Amino acid sequence: MQPGKRDTLQNSPPSRCAVCRSQREQDESASETSTAPRLADPVDSTPEKMPYALISLLAGAGALETAYLTWAKLANIQVACTADGGCTSVLGSDYASVLGIPLPLLGFFAYATVAGLAASGALSSQAEPAQQDIQRRYVVLAGAAVLASCSATLMWVLFTKLSGQSCTWCYASAALSFTIALASTQGFKASRELREAALPGGSLVAATVLGLMLAWSGIDPQEAQADLNIPYNPPAVATASSSRSVQLAQRLRDAGARMYGAFWCSHCHDQKELFGKDAMAAFPYVECYPDGYYRGVKLAQPCLDAKIQAFPVWIIGGQQYEGEQSFDKLEAALAKARAGQGAAQLQTAR
């Protein structure tokens, strides 16, 4: 062989071995890289399960509450009455509507939307595409943010513009909204997805608060608080009385029974309407706001002594019966009171 060619043959094997070694080292390095644990992967790849069932239940309760308040607003009747009268006053103020739309109606649509989306998530199958569930979670979170921001704004109005007027329905709605918002955050990974949702979520909250403030910007707080003053003006009872209602009113009066109520309470008036105008002469009614309702007014002393918490309340034989009562229930309560009195007299005689 020629020397040049011999040199080439002698040098070729080491060159090929170097190439193989280099390739093998690269493969091993890639293998180590692929098998090395990455702490971020399990967190980012494992989807969080949003508590859809809980959110659906809470939002459904909110939808029922706001539907009732909307019906009361549109029908121009008082809501179920508490003794302080705050709910009726607040829900009748200028702050109870946005651009002429009853605020409870807007709340109903928001609650119903969140409830429907959460229910669909709770009923979804495991085969549902992950992207579809991710989109649903973001929409539920957005709805929860709107509800919570609205409730926070309303609480601010309640304590600043309306001088801390009490409103049980408002507190209940706020509690539902904040709980829904807290539950909706459980469907996201705190390390990544919540940070991604922070900017659009914060913008949505800011837009909601700003929108409400602009809608209420023309309201004079003094005039709004003036709406909370209700002069004493009880509505007249217009229905006809039956012989049963007249006799029952007399029996209730003779037994020392009393119905405690307020002139602005629609349920109290409905109870009177059940008895009719002819029965009012004997109807054992106690008015808890005989001088009208206004900020800071207290219950009449007989109502304070009876520890009245809501309207209407019947006290028959020392036992309280809350809400409107049918004739059958009132007659049963009278019979129970008489039986109790008879037993007490018998015990005393012994």
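Sequential numbering from 1, following the chain as shown.
Including glycine, each Cβ sits where the backbone N, Cα and C put it.
Predicted automatically and left uncurated, TrEMBL annotations should be read as such.
Per TrEMBL, the features are:
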DOMAIN    48-188  domain 'Vitamin K epoxide reductase'
REGION    1-44  region 'Disordered'
TRANSMEM  99-118  transmembrane segment
TRANSMEM  138-159  transmembrane segment
TRANSMEM  171-190  transmembrane segment
TRANSMEM  197-219  transmembrane segment
Considering only Cβ pairs within less than 8 angstroms, which of the stretches 99-118, 138-159, 171-190 has the most against the transmembrane segment (197-219)?
138-159
Sequence-remote contacts (6 or more beyond its ends) of the transmembrane segment (138-159), Cβ cut-off under 8 Å?
50, 52, 55, 62, 90, 95, 103, 107, 110-111, 113-114, 117-118, 121, 165, 167, 170, 173-174, 176-178, 180-181, 183-185, 187-188, 197, 200-201, 204-205, 208-209, 212-213, 216
Composition by DSSP (helix, strand, coil) of residues within the domain 'Vitamin K epoxide reductase' (48-188):
104 helix, 6 strand, 31 coil
State the residues, same chain only, that lie 6 or more residues beyond the ends of the transmembrane segment (171-190) and have a CB under 8 A from a CB inside it; answer 'none' if no residue qualifies.
43-44, 48-51, 54-55, 58-59, 61-62, 65-66, 107, 111, 114, 137, 140-141, 144-145, 147-148, 150-152, 154-155, 197
